[in-house]
Amino acid sequence: NHTTVVEFVLLGLANSRQWEIILFVFLGTAYLLILLGNISVISITLTNNFLQTPMYYFLRNFALLEITFTSTFLPSTLYSLLTERKTISLPGCFLQMLLFYCLGTCTLFYMAVMSLDRYVAICHPLHYPAIMSSRFCLQLILGCWALTFLLMFPPTIMTVQLPFCGPNVMNHFYCDASLLLQLSCTDTGFIEELMFIILILILPGTLIVTAVSYGCIIVTILFIPSSAGRRKAFSTCSAHLMVVMVFYSTCIYRYIRPAQRGGQDSDKVLSLFFSVLTQTVNPYIYSLRNSQVKQALKEKI
């Protein structure tokens, strides 16, 4: 009842028209690659009988999640760059924030689950079919979504219910929760502390699971007798780890800090890294470099 703001102004990524055009081309190309890469992964793993294994089941769900995640903000960002329209309605901003944080959090859980799957497949290959049954894989996916909504839904709903009666300008290209808290005309200390605690649990927690899984995988790879096999395995693991390091380092630096430091230009650059750059390379790093996927793609073509 105390809210007088009807829309928010997103300053976006650039201050000049020239840079907006350059960024439109760059982000448009990235979005196209994300869509093409992930749609290819989904279609190949669905139609090829040899790719009906737990690993490809997780990759297919991960590809669908990435398409949904980037679609929450990239189309509106591209539209803003093309038309110079910087405003977003109050309900649209809240919906974008809710989807961005829920889908982004689920991405972290998915990455941890996929690392566990690879750990079981490489370190315990004989037990892999028994452990990674179709029922257990489904339970892992549903568990990711359940944990996501259990942890992220309450603080985002509390943020939506805040009154906004003052400034409505955010120095970002999507509706960021930390900036929304700064614009509210009431005390947001409890919500900030709650979100900080939740992010402390999610980011380092999933990172530990992923790092331990890949650590065990690397130790197992060292005992592979074939040098060619070791090189191939290390090549795959190093590519995965590079993406994981970029994703987690930018996320942790961006969000595990006081909300009052938000709104800087560096925040937008960090957000581009974990929300666009890693999403662009993920389908090619996790799936399309795989020999089985490449062979299936050649057959389809």
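Cβ atoms are placed via backbone N, Cα and C, with glycine included.
Predicted automatically and left uncurated, TrEMBL annotations should be read as such.
The domain 'G-protein coupled receptors family 1 profile' feature in TrEMBL is assigned to 37-286.
The feature transmembrane segment is assigned by TrEMBL to 21-46 (among others).
Positions annotated as transmembrane segment by TrEMBL: 58-82 (among others).
Note on the transmembrane segment (94-116): residues 55, 58-59, 61-62, 65-66, 68-69, 72-73, 76, 88, 140-141, 143-145, 147-149, 151-153, 156-157, 159-160, 174-177, 180, 202-203, 206, 209-210, 213-214, 240, 244, 247, 251, 275, 286 of its chain, located 6 or more positions outside it, place their CB under 8 angstroms from a CB of the stretch. Per TrEMBL, the feature transmembrane segment maps to 94-116 (among others).
Per TrEMBL, transmembrane segment is recorded for 136-153 (among others).
Residues annotated as transmembrane segment in TrEMBL: 196-224 (among others).
Residues or ranges marked as transmembrane segment by TrEMBL: 236-256 (among others).
Sequence annotations record features per position, and here TrEMBL assigns transmembrane segment to 268-288 (among others).
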Averaging pLDDT over all residues of the domain 'G-protein coupled receptors family 1 profile' (37-286) gives 86
